[in-house]
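Colleague: I have a structure here, written as structure tokens, and I will follow up with some questions on it.
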Amino acid sequence: MTVSLAYAKQKKVDTAIELLIKGGQVMRGGPREKLSMLTCLCWMYLWKSREAPRVAPEGVLPSEARTKDYFLGLSTSTLNEALRINPAFPPLFLARGVLQLLKASLQPPSKSAAPGAIDIDKAEILRASLKSFEDAIRVSQGRNMMAVLGKSRALYSLGKFAEALEGYQEVLHKMPELVDPDPRIGIGCCFWQLGFKEDAKTAWERALEISPDSKTANILLGLFYLDASAHVPTNGPEFIRLYKKAMTEYTQKAFKADKDLPLTCATFAGYFLSRKSLPNVDTLAHKAIQYTDVNAIASDGWYLLARKEHYDEDYERATDYYRRADEARGGAERGYLPAKFGAAQLAVLKSDFGEAKLRLEKIIQQSKNIEAMVLLGTLYAEEVFVSQQSAVKEDKSTEFKKAIGYLETARNAWKDPKKNLIADSSVLLNLARLYEVDQPEKSLQCLQQVEQIEYDRLPKDEKPDDPEEIAALKESLREGLPPQLLNNMGCFYYQSEKFEQAGAMFQVALNACMKITETQEELDGDALVTTISYNLGRTYEASGQLDEANTVYEGLLARHDNYTDARTRQAYIALRQNPTDDGPKKMGELYKDASADLEVRALYGWYLGRVNSRKKIGNLAEDSELRHYKHTLQGYDKHDRYALIGMGNLYLMTAREMRRETDQDKQKRSAMYTKAVEFFDKALQLDPKNAYAAQGIAIALVEDKKDLKTALSIFVKVRETVKDPSVFVNLGHVFAELHQYSKAVEHYEAALSKDRSRDAQILACLGRTWLAKGRAEKNLTGYKNALEYSLKALELAPEQVHFKFNVAFVHIQLATAVYGTPEAQRTLAEVQAAAEGLEAAIESLEAIAQHPQTPFPKHDIEQRANMARNTMRKQLERSIQAQKEYEEKNFEKLQAAKQKREEELKRREDAKKAAQQAELDRKLKIAEERQKIAEKDRELADLRAEEDRAREAAELTTDSETGDKVKRKKKPRGGGGKRKKKNDDGITDDESGGEREPKPRRRAKRGSGDDSDEEKPKKKRRLAKKGANDKPSKFKSSEIVVESDSDGDNGAADALKEMDDEVLSDAPASMDVDEDEAAPAPAKRKNRRAMIDSDDEDEDEEPAARDDSPATANGDTPMADPAPAAEDSDE
């Protein structure tokens, strides 16, 4: 057996096993010798199991492969044979525990277990392992530290991290020199699982300090920094620093120490995957899978292989590897989220969108993963986009809502700084496309956020502070954005009628085109420039810059002389600028060259209906505009929506002008409205969102059916889409019919503001509405406003006889209203003005009666003029006389009331000014007081700082050895005589002059009264009695850990004092101090809390630890206690 052990030490385990087997066959000793040899053989098999592959290598039959399971089986049979000889043999307990640990690690995860739970079978094996280690500890009377380590490892696997931590700390306390295995590694892992990652790093750094070549400590520290890099933006310098430190300083060192360490192989494979070094990924991932005994590492290896095959576009193998990675962690409801997501990505690449959506929805149900939401939202969005572009329209409202929901959730998650997510431009672009039809303002916000993302990517030192510089920088950055994005932003600005911003955006888009064509030669830059230039011309046109728009169109035609859209816009501009000369000429040329173009035919139809000054034709069939639309529908496109709506409008106008005296006339008129509605309905069938067709139906409902409520709801919806003044005019008509005059006026005025300020018809409508409002409210202001708007309409169209009649009619109505107003509510000036207006109305009515085309029968107009001349004139003359007498009689009262009102207004104004001045004085006073307080605080702070400096200077003295300034040492409180102190070797020396810092005040223990000096001797006697027979130890307590903030002795000195107090407190913590120096083993004690420093050391006069004290000499950094005792802690 000695020879076998020698071979094993030389890493020749196979030879050692062979010698042990042969030795066992020829051995003739007693059972004890055979038992030792079998135990040794069992450990050799366990060693081989750790180094054996997890699965059979490719090309080797599973029955012939020597895998981990194979050697574990041999180890089990050997152990059973040894147990039959002597089941109570102590080394067998430890061997059985390790064997069960290895078996548990190879146990495949169960799919039925809940996420985060341990499999039932695995838990049973681990509990059996735990019992074996406890038996080993029991028979060794607690001296077998390997068994304690094994017990901690089993507890760790069972998820009892706090209990495992106590075990690792116990080993570190009793064997601080132990480095292989190193309990500090286990301590760090427990801290990591408990959420104390910084403490874990400290433990691993200490392990690396003691054993610089420790491959486990190196790779764990590398993973710590990789985890830290995952919590900072990947485009920042901090990420680069952390990632570089993780890979080059730690992971690379661990890999050089052992190229077969599974965790290192998996970590390095991930690095090579990011570098697209796929052969290295394949090699390292297979190593990680083969040699690990941890399911999670095997899962990582399969996942890396799946990503590698994913990049190589071998989707079948990638799918298989993703499945294995998922099953290695439990699969189904548990499993590995990245592997599930990878399988969903493969389904997308295979165009199996149903499978992809099913997988992604399961992922979201389990984890609310943002990446899964982005991909799923994108899939639903693509379905919506495909449906929009297809000829057959399907209801995709459900997919639309899901796409918006998932993508908006991802967008909102970016705002959470804790999640540290990077904004994805593709999410915003998809949202912009989804919003562009129904919510263009939200679409624009998404595109603006894309622009902001580009700005945020700049380093902070490159961002200016001046607003003008920021604007200039953003302008220059825009030129680096995709021109398609800038073009879309300009279109949204155009739709919201922000023409100046739209024009600026199109200009930047043109500059971006020039830049992008220099770098991307395959891009069709000419098509982009043409489209954006046309949009720029439309923007100039909408903003009234017709000459600039014409210049842009000419530039387009110079490059593409057959660009019909540009010629169409030029013809329209010419029709607006020269409706009688150049406009018709260009329109004729365009129609001759491109009569088959539907846009050209639409403009020509508009030209026939609006520009040509044609006479009214009694027979609608002879109308040239109608015949043009019929020709378009019959010869070019029967689904041309403009022609359908144009014909509907013609029938609508014809019905409006038809006679309605008899029932037969009314029936003919209603049939004409029905004909118009048929054309509008056909257009809506082709385009359900066509607002112009919906508006036509609403007009027909009002004029034919008097269905004002239904028409109002349609007009309101149309208003959200169409920005044309006609929508507001129609809404004004409906509100006027509903007697909601204020809303009617509001919509008429809105129509005037939209490039229709000189529209006489709208002004006439406003006059009519104000007149109705004045009548309803019996308010002269309404009549005056009606007169004002009627005069404006007449001024714009003086030849229109019905506008003259409107002015005369309003004059008469105003005169009637003034006559009926009480004398106290009118003035003499108003009555006289009404009389003058009445005279003008009489003259106007007489002139209108002589006109060949009177708006009403001539007899009716003459009769109204006679009534005004004979009756109303006399009434106003009497009203003028009565108003004069009333005002003369009440002149003094009116003056007094006027003066009193002026005084009241002045008094209110003065009070208001006084209150403002008082408030200003109060604020100034407060500001002065604050300034005085701030100055006084600064003076006190300066004085206090000066006193502190003086006190510090007084407390400093010169060190006799170093010459440095050091703090004076305080004299001891006690008698100051000599006292005894133990050296590290256990010899007690006399030492005088031992100063110590005063102990911090302590809180009273619950239920024990004050912790006074009188009580301390009592505590000392009690402890001395309980620990009188204990052997002195250099450790204060096996339970206490204090974290030092420095490498010096201050933290250790404070720790010694606080541990002395904690011994008295009955509330021990759960951490141990790591010591490098060999310490004498403490004697067995019944009560752990009774351990004290020295039998003859005075607790009340504990000296401060020196720099060379055992607690600080080795440089170990103790760990922080995750759950310190709260009740008995100092201060």
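Each residue, glycine too, has its Cβ placed from N, Cα and C.
Okay, these came from TrEMBL:
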REPEAT    725-758  repeat 'TPR'
REPEAT    767-800  repeat 'TPR'
REGION    939-1131  region 'Disordered'
COMPBIAS  939-954  compositional bias 'Basic and acidic residues'
COMPBIAS  966-981  compositional bias 'Basic residues'
COMPBIAS  1027-1037  compositional bias 'Basic and acidic residues'
COMPBIAS  1093-1102  compositional bias 'Acidic residues'
COMPBIAS  1116-1131  compositional bias 'Low complexity'
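Walk me through the surroundings of each of these features.
Modeller: Among residues of the same chain six or more beyond the repeat 'TPR' (725-758), those with a C-beta under 8 A of the stretch's C-beta atoms are 691, 695, 698-699, 702, 708, 711-712, 715-716, 718-719, 765-766, 768-770, 772-773, 776, 796.
Here the repeat 'TPR' (767-800) has long-range neighbours at 732, 736, 739, 741-742, 744-745, 748, 758-761, 806-807, 810-811, 813-814, 817-818, 821, 826, 830, 837, meaning same-chain residues at least 6 beyond its ends whose C-beta is under 8 angstroms from one of its own.
Helix, strand and coil counts under DSSP for the compositional bias 'Basic and acidic residues' (939-954) come to 16 helix, 0 strand, 0 coil.
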Colleague: Can you count helix, strand and coil residues in the repeat 'TPR' (725-758) using DSSP?
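Modeller: Within the repeat 'TPR' (725-758) the tally stands at 26 helix, 0 strand, 8 coil.
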Colleague: DSSP says what for the repeat 'TPR' (767-800): how many helix, strand, coil residues?
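Modeller: Helix, strand, coil within the repeat 'TPR' (767-800): 28 helix, 0 strand, 6 coil.
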Colleague: Per-residue pLDDT averaged over the repeat 'TPR' (767-800) comes to what?
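Modeller: Mean model confidence (pLDDT) across the repeat 'TPR' (767-800) is 89.
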